[in-house]
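Each remark here refers to the structure printed beneath this line.
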Amino acid sequence: MQRMGRHSETFTGSGSRRVSRLRVGESDAETVMAPAKSSRRARIFSATIDQGFSSASNGIFTFAVAVVSTTEEFGGIVLMITALIAILVTQRGALGTPLLLKSDQTTERIRREGSFAISAGLAIGCAALAVMVLFGRTLGLPALLLGVAAPIVLCQDVLRYVTIAEGRPHVAAIWDGVWFLGTVLLIVSAWLKISTVSWLIGGWASLGLIAAVGIATDLRVRPRVAGLRRWATAGWQHRIRYGVDAGLEQTTVFLVLAMAAALVSATATAALRGATVLLSPIAILASALQLVVISESTRDSAPPRTVWFASLRLLGGIAALAVIVGVVLCSLPGSIGAYLLGESFEPARQVLPIVVIEYCATAVAFALGVFLRTFNRSSAVVRFKIVLMTATLSTSCCGALLFRSATGIAVGLAVGTILASSLGLAYFAPWEARKRASSVDVAAVAEVTE
């Protein structure tokens, strides 16, 4: 990283003061009036609601496209949607996590980071546009519209992270709520058979553009080119690691489902995927709590031990909720379950208890991952994710070969997750008292403080 100057700031949190010295890409040339932050409870609630709106909009949009498209057409479109979501999740790691790690800094610094991140999101989105148009030529207009949606979706997501880092997630929640309600209207139009695939995709992209412009107007943030190269070289290793971490998670899910189809049957794939769909609200809640823990702990300069136990309590609650939801779903009559998942409900229900156990083990691994990200231990995050990926793929493959069933794969996933989580806890020992670095900024040279 280039050394462009030194800047000192005093941060206050958890009843103590700390001083951090940051080497930053450029000096503060202008002063931004910092808007009032909402209370902690309001921030937690708003961030959770916002994550729910964001994830629900993506899911409802996919369902709407499925309603109005032919089987062959939907197969091509859903592949492109899956690719877009994979890019989005990877970007959240590479650009979103570094933004959250600036939550203890000034509004100006956060927005400057956001401006550069938007520029990066635009570049990634334009590349995705070109690829989708090139490989989606057989789909015609829908492929073009999905390509146009890519930079909109990616930039809007960056803006969400800026609001959370600023302590104002309610801004994103409002505009994501608009996007969500609009998407609900789109699926209603699909049910009424008054829309086409192109109309749905164009409408969804337009709603995303409205949400992006709304947040950007409130934040007064726009793409910044001057200094972009300097920004990209400052802390690039951390950004790549967080991107790889997020990408590996998506890759693991894909490989497990592909293995189920190859070694067992398509029914096994449907059962495993169906079980995860039924528990998807739990996963959305966990993602929201990750945003909350990282941003709030950074803002308060919380010591490592405090962050670990806070993460464990929250994720422990999520694990308990997963058990409750699992019991309720397993108790549902098949006729009601069919409304949720169609013919895939019965196969999914058979593996659901085991998947719930895996979710409980995943909650521990997730808490450990949040702990490591909160203190910008990107290298450790990637190492742990590789161990987790290797363990789950190995054990699930063994389960598939031994039992030739979805249940065997689910047992393998649970065993692998428990094993990897236990190894991670033993190696990192997050409950031990340790000192905190003066800054967790990916572009900072931090000093250790008490």
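Numbering starts at 1 and runs along the chain as displayed.
Using N, Cα and C of the backbone, Cβ positions are placed for all residues, glycine too.
Straight from TrEMBL, the features:
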type     : residues : note
REGION   : 1-26     : region 'Disordered'
TRANSMEM : 47-68    : transmembrane segment
TRANSMEM : 74-95    : transmembrane segment
TRANSMEM : 116-135  : transmembrane segment
TRANSMEM : 141-159  : transmembrane segment
TRANSMEM : 171-192  : transmembrane segment
TRANSMEM : 198-221  : transmembrane segment
TRANSMEM : 242-264  : transmembrane segment
TRANSMEM : 270-293  : transmembrane segment
TRANSMEM : 314-339  : transmembrane segment
TRANSMEM : 351-372  : transmembrane segment
TRANSMEM : 384-403  : transmembrane segment
TRANSMEM : 409-429  : transmembrane segment
Tell me if the transmembrane segment (351-372) touches the transmembrane segment (270-293). I count contact as 3 or more CB pairs below 8 A, with pairs 6 or more residues apart. yes
Contact between the transmembrane segment (198-221) and the transmembrane segment (242-264) (3 or more Cβ pairs under 8 Å, separation 6+): no
Relative to the transmembrane segment (242-264), which of 74-95, 116-135, 141-159, 409-429 accounts for the most Cβ pairs at distances under 8 Å? 74-95
What else in the chain is close to the transmembrane segment (74-95), if you only count residues 6 or more beyond its ends and a Cβ gap under 8 Å? 58, 61-62, 65-66, 117, 120-121, 124, 128, 132, 136, 138-139, 142-143, 146, 149-150, 153-154, 157-158, 161, 197, 239-240, 242-247, 249-250
Looking only at residues six or more beyond either end of the transmembrane segment (47-68), which have a C-beta under 8 A from one in the stretch? 74, 77-78, 81, 85, 157, 160, 164, 169, 172-173, 176-177, 179-180, 183-184, 186-187, 189-191, 193, 195-197, 200-201, 204, 207, 280-281, 284-285, 287-289, 291-292, 295
